[in-house]
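Asker: So TrEMBL has the following annotated:
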- 7-68: domain 'Copper amine oxidase N2-terminal' (DOMAIN)
- 239-602: domain 'Copper amine oxidase catalytic' (DOMAIN)
- Asp310: active site, proton acceptor (ACT_SITE)
- Tyr394: 2',4',5'-topaquinone (MOD_RES)
- Tyr394: active site, schiff-base intermediate with substrate (ACT_SITE)
Amino acid sequence: MTGLLPHPFDPITPAEIQLATKILQAAFPRVNLRYKKIDIQEPPKKDVVPFVEAERLGKPLPPRPARLLQVMFHRLDTGAFYRALLNAGSRSVISAKELPKEIQGPVDIDEMGEIEQLCLNHPVVQEEVAKMQLPAGMTVCNDPWIYGTDDPKENRRLFQCYMYIVATDHPQNNHYSLPCKFSPVFDGITRELVRIDYLPGGADAQSTETQPWKPVESIQYAHDLLQEPLRTDLKPYLVQQPEGPSFKVQDNLVSWQKWRFRVGFNSREGLVIHNLTYDGRNVFYRLSVSEMTVPYGDPRAPFHRKQAFDVGDVGFGITANQLSLGCDCLGHIKYFDGYRADAKGNPVLLKNVICLHEQDNGLQHKHTNYRSGAATVVRNRQLVAQMICTVANYEYIFAFIFDQAANIELEVRATGILSTVPFDNHVFGTTVPWGTNVGPGVMAPYHQHLFSFRIDPALDGFQNTVYYEDSVPIPEDESNPYGVGYTTEQTVLKTSGTANTNVERHRVFKIRNDACINPITYKPIAYKLQTSPSQMLLASPRSYGSRRAVFATKPIWVTRYQDGELFAAGEFTNQSKESQGLEKWVDRKDSVENEDVVLWHNKTTWWGCGNHIASVMDAVPESERCNCTPQVERDGKMYPPKAEKA
């Protein structure tokens with residue numbers, strides 16, 4: 001924070017959370033409110049650009065844009081769901097609107113814990129547990145899941161609680177290896193038990209009522225529960241920087257090797273990169289993970305509804321881990337904290353949710369003069385801004401990686417453990433075509449992890465163009481008599497819409513500024529999106545799973561910038577009936593040539609064939625990379641120092 005007012009891109013403060021609560025308590029006297037979200041609403045871009053441009057150019061700063069707070073809450077007397085917009089400067093309510101009954105807000109962390117405990121304490125659930133006749137030392141736990149959708153008339157706020165058996169002798173016992181065959185459904189507003197779903201145990205949808213449990217050995221992952229000895233032949237690996245790091249941090253402003261950007265954080269997206277410049281030139285206005293969906297491929301009810309939107313349903317910000325040196329990050333670390341609101345509107349510190357550090361990533365450049373034997377070598381020093389989120393069974397690692405050649409890479413890694421279902425596989429050879437047996441009585445259904453990366457470019461200005469470039473052979477004519485020539489074809493996306501990848505044509509997507517010409521190539525400056533093709537959403541277009549996640553049906557979308565259009569599946573995903581995001585925005589058919597554009601890139605993490613086809617030994621360590629590479633003029637100032645022998 002600089003001076004008395006926060007920077008327009010600064011995350012919310014504890015004082016602002018308390019202020020929002022105070023304003024709404026005054027606006028709704030004698031009404032108890034349950035808060036789902038209190039966060040900053042980014043100011044309109046037209047108000048921010050003059051400010052950040054003055055910063056970049058070292059000119060006098062204009063007045064800062066108004067500090068706006070967005071709040072989502074339920075009235076506890078009526079259950080009505082509201083969205084409010086507040087002006088922190090004037091301490092006033094700009095708007096407070098009750099939303100339609102079919103709209104469900106995101107889950108808050110407190111709510112998850114309350115539903116979990118409600119389920120365990122409910123007498124009907126306890127009766128089901130008693131039917132299993134668990135031996136001493138065994139009990140049950142549950143994962144409350146977002147209910148999903150299969151009924152257009154269902155407007156209740158529902159949770160599907162998947163039950164598991166767990167041993168009580170160690171807090172890290174793996175309950176996912178012992179799933180139960182019943183699943184309670186609760187109303188999140190009334191806290192009433194809606195019903196008990198009995199889960200199928202075979203290849204069809206047939207189910208039975210709860211039976212006595214037949215004990216099987218659980219499968220463990222915690223180090224001190226493993227029966228096999230741990231490796232002892234690994235030597236220490238130390239990362240030392242005796243002179244400290246090469247980056248500089250002032251509040252949320254980071255400077256490193258010609259890069260300059262602001263680290264942002266909010267409860268929904270978590271880590272956001274704002275206002276990137278390189279060597280004083282604008283590059284990107286905003287980078288973030290906009291949404292992700294995890295649709296499961298098990299066609300049996302109720303698993304057909306199992307589809308998470310981990311950004312919109314819950315939020316990467318509120319599920320971000322507290323990072324620690326030596327485990328999550330190595331080297332000289334700068335940590336950033338965040339804040340969220342609890343259900344009562346109190347600020348909650350999220351400590352060390354972002355870590356900033358340098359890393360050596362091998363060689364950036366090497367060439368050996370074969371005549372003299374002399375080599376020119378440059379190490380690839382990188383700056384990493386990283387966040388790790390735990391969403392129930394899965395962990396997601398997000399790392400924005402910057403290098404010394406003006407490349408930006410977003411690495412996404414999925415780890416954690418599988419979400420499992422009960423399955424009668426005690427007879428040898430019993431399998432299903434949509435999942436993998438991963439233990440006695442337990443199966444892991446196939447599923448996809450589809451991410452949407454939102455790229456808001458500002459290449460030497462805010463009028464940019466997205467196009468794709470294919471490599472194609474030159475016709476065999478007098479200009480290509482030997483048939484070996486090939487060239488590139490460029491296709492400009494002139495109106496908002498979609499595009500597909502194409503491996504056979506080596507298709508690459510680029511963002512360019514037609515007003516800035518590279519003096520060496522005589523072509524517009526550009527950034528290239530380097531990514532690997534991946535399979536898109538497999539669910540049928542008529543399914544709710546597809547209708548709720550239309551963004552995941554195409555790898556590339558281009559829209560013209562509009563304030564508030566941040567989330568690929570729309571603002572509200574919890575129990576949504578259909579998406580209100582990208583497919584609606586591209587229907588405007590806006591001009592996107594030499595305009596303020598947004599490029600959305602959607603893809604799966606690389607699970608072999610693009611999906612998560614689980615294996616027995618699966619510890620879920622998979623990753624995907626999305627790289628933006630500059631196609632700009634280069635000179636000696638870009639190159640880092642040569643590598644020296646130790």
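Cβ from N, Cα, C; glycine included.
Source: prediction; values computed, not measured.
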Asker: Would you say which of the recorded positions Asp310, Tyr394 has the most Cβ atoms within 10 Å of its own Cβ?
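Answerer: Of Asp310, Tyr394, the one with the most crowded Cβ is Asp310.
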Asker: Asp310 (active site, proton acceptor) to Tyr394 (2',4',5'-topaquinone): how many Å between their Cα atoms?
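Answerer: Computed Cα spacing between Asp310 (active site, proton acceptor) and Tyr394 (2',4',5'-topaquinone) is 10 Å.
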Asker: For a three-state summary based on DSSP, what are the helix, strand and coil counts in the domain 'Copper amine oxidase N2-terminal' (7-68)?
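Answerer: Its residues fall into 27 helix, 10 strand, 25 coil.
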